[in-house]
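TrEMBL annotations:
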type: BINDING; residues: Ile6, Gly7, Asn8, Gly9, Phe10, Met11; note: NADP(+) binding site
type: DOMAIN; residues: 2-90; note: domain 'Pyrroline-5-carboxylate reductase catalytic N-terminal'
type: DOMAIN; residues: 149-250; note: domain 'Pyrroline-5-carboxylate reductase dimerisation'
Amino acid sequence: MKLTLIGNGFMAQALAKGLIKKFEVEIIGRDINKLKKVKELIPAIEIKELEDAEDINGKNVIFCVKPYALQSVAARLEGEANILFSILAGTSLESLRKQIKSKYYVRVMPNVAASVSKSATTLTGDKEVKKLAHEIFEYIGKAVWVDTEKELDIATAVAGSGPAFLCLIAEALSDGAVKAGLNRKISNELVQGLFEGYAKLLENNHPAIIKDSVMSPGGTTAAGVAKIEEGAVRSHMIKAIEAAHNKAVEIGKK
Ligand SMILES: NC(=O)C1=CN([C@@H]2O[C@H](COP(=O)(O)OP(=O)(O)OC[C@H]3O[C@@H](n4cnc5c(N)ncnc54)[C@H](OP(=O)(O)O)[C@@H]3O)[C@@H](O)[C@H]2O)C=CC1
Ligand SMILES: O=C(O)[C@@H]1CCC=N1
């Protein structure tokens, strides 16, 4: 099966790296020089410069441009795709249906870990292609189907934007270790190992149980947790998801 990615940016490349292991991958973009650079990184892909009347008839398209570019790129597409997969944050199935012709439509929300085939991807759309959508996006990590676009917009906040939120935590933990006197290289190495080990633990344990198992009476963890609570970190994490979800809804209304 051939997949046609439209857009050659960060996410298109992340997806292509995983998908190329199983599928033929074509990337269509507006700048041939950028496309040639992408081909140097992923030699097995085909590249094609976006035409003013780009024929997508019968193709399985993964749409990878920024949400604000939907209208201008859609105006350059001709024919009816077989499936249109869209990774555009906030952009509704209704808006896609109005602007790009396709037999089936699926919204997809991957994350940056697609570049290492570890994305937590959410899918929703036409149920006729649910199984195929699963099969395709399991090549870039874990894929979960949800029944509503509201759920996909929430997933955008927690799994799409989530890696950036964790980056702030990782950086801050390392900064704390450096502030206490550990060198940066060792601090970063420890934080990397911390996330790796924690991800494994989280596969089979509730976070509250893991926390309780670390927190000794009158110990170091309890002292640290009390400081975290002073800063209302949990409350602000909840607010961050709320804000990111609201933004996805706002993008969808534009
Ligand atoms: N970054 C992330 O972690 C995630 C992003 N997403 C979604 O993925 C999509 C792409 O994001 P990302 O890859 O990060 O962004 P990038 O800016 O890296 O890539 C955007 C791509 O769109 C192309 N493009 C923009 N405007 C036009 C236009 N008018 N005509 C033709 N091509 C155009 C750009 O072309 P050019 O290179 O020539 O400028 C570029 O190839 C977004 O919709 C975002 O919501 C979803 C999940 C996670
Ligand atoms: O920030 C954004 O809008 C995109 C969508 C999810 C992750 N990045």
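Cβ coordinates come from backbone N, Cα and C, glycine included.
The structure, with features from TrEMBL marked on it.
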| residue | record | Cβ within 10 Å |
| --- | --- | --- |
| Ile6 | NADP(+) binding site | 29 |
| Gly7 | NADP(+) binding site | 23 |
| Asn8 | NADP(+) binding site | 25 |
| Gly9 | NADP(+) binding site | 14 |
| Phe10 | NADP(+) binding site | 12 |
| Met11 | NADP(+) binding site | 23 |
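Under the three-state DSSP scheme, Met11 (NADP(+) binding site) falls in the helix class. With respect to ligand 1, the binding-site residues Ile6, Phe10, Met11 contribute Phe10, Met11 as residues with a C-beta closer than 6 angstroms to one of its atoms, given in sequence order. DSSP places the residues of the domain 'Pyrroline-5-carboxylate reductase dimerisation' (149-250) in helix, strand and coil in these numbers: 89 helix, 0 strand, 13 coil. Taken through DSSP, the domain 'Pyrroline-5-carboxylate reductase catalytic N-terminal' (2-90) splits into 28 helix, 29 strand, 32 coil. Apart from the site residues Ile6, Gly7, Asn8, Gly9, Phe10, Met11, the chain places the Cβ of Leu5, Ala12, Gln13, Ile27, Gly29, Cys64, Val65 no farther than 8 Å from the centroid of the site's Cβ atoms, the recorded NADP(+) location.
Within the model, the domain 'Pyrroline-5-carboxylate reductase catalytic N-terminal' (2-90) carries an average pLDDT of 97.
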